[in-house]
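Have a look at the structure below before the remarks.
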Amino acid sequence: MKFLTVAAVFFTAVLAAPGNYPPPPPPTYAPPPPTYTLPPNGNGGGNGNGNGNGNGGGNGNGNGNTNTGGSALCPAGLYSNPQSCATDVLGLADLDCAVPSTTPHDGPNFQSICVANGGKRARCCVLPVLGLGVLCQNPVGTN
């Protein structure tokens with residue numbers, strides 16, 4: 001008797017299932033890369049010294065490049081967070097750190113911004129947390 005019940009339920013389930021399912025949607029792919037060569041420095045017309053294509057009638061941010069600020073202040077990867085810090089503790093941490101008040105465009109400019117904000121030092125830190133910079137080093141182009 002149990003066999004007949006199970007067979008009836010199975011047969012009913014087979015009849016209740018639809019026979020034609022819609023096909024899956026086609027896969028989406030990323031667009032192909034451009035077939036032309038991109039110009040250097042983002043716009044091809046800048047000269048990187050602030051006197052080129054920026055500010056006033058230009059096409060950049062004052063240095064002829066894209067909005068990267070001209071040069072890399074901090075190395076890519078772990079030490080990529082620019083900070084202005086007051087005190088270094090054994091080379092492991094820096095105290096009283098904050099993001100620079102203006103965007104620096106090179107190492108000496110980064111130092112002058114930090115000095116103007118209370119005599120702080122320009123640093124590149126791994127993990128800035130609540131005014132504490134963990135594992136910091138000097139930025140590119142500074143001593």
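Each Cβ is built from the backbone N, Cα and C atoms, and glycine gets one as well.
Swiss-Prot records a disulfide bond between CYS97 and CYS85, which is the match among CYS85, CYS114.
CYS136 is paired in Swiss-Prot with CYS125, the candidate among CYS114, CYS125 named as its disulfide partner. Checking CYS74, CYS114 against Swiss-Prot, the residue bonded to CYS124 by a disulphide is CYS74. Closest to CYS124 (disulfide bond) by Cα-Cα distance, out of the disulfide-bonded residues CYS85, CYS97, CYS136, is CYS136. Distance noted between the C-alpha atoms of CYS74 (disulfide bond) and CYS125 (disulfide bond) is 9 Å.
According to DSSP, CYS125 (disulfide bond) is assigned to a strand segment. When secondary structure is read from DSSP and collapsed to three states, CYS97 (disulfide bond) falls in the coil class.
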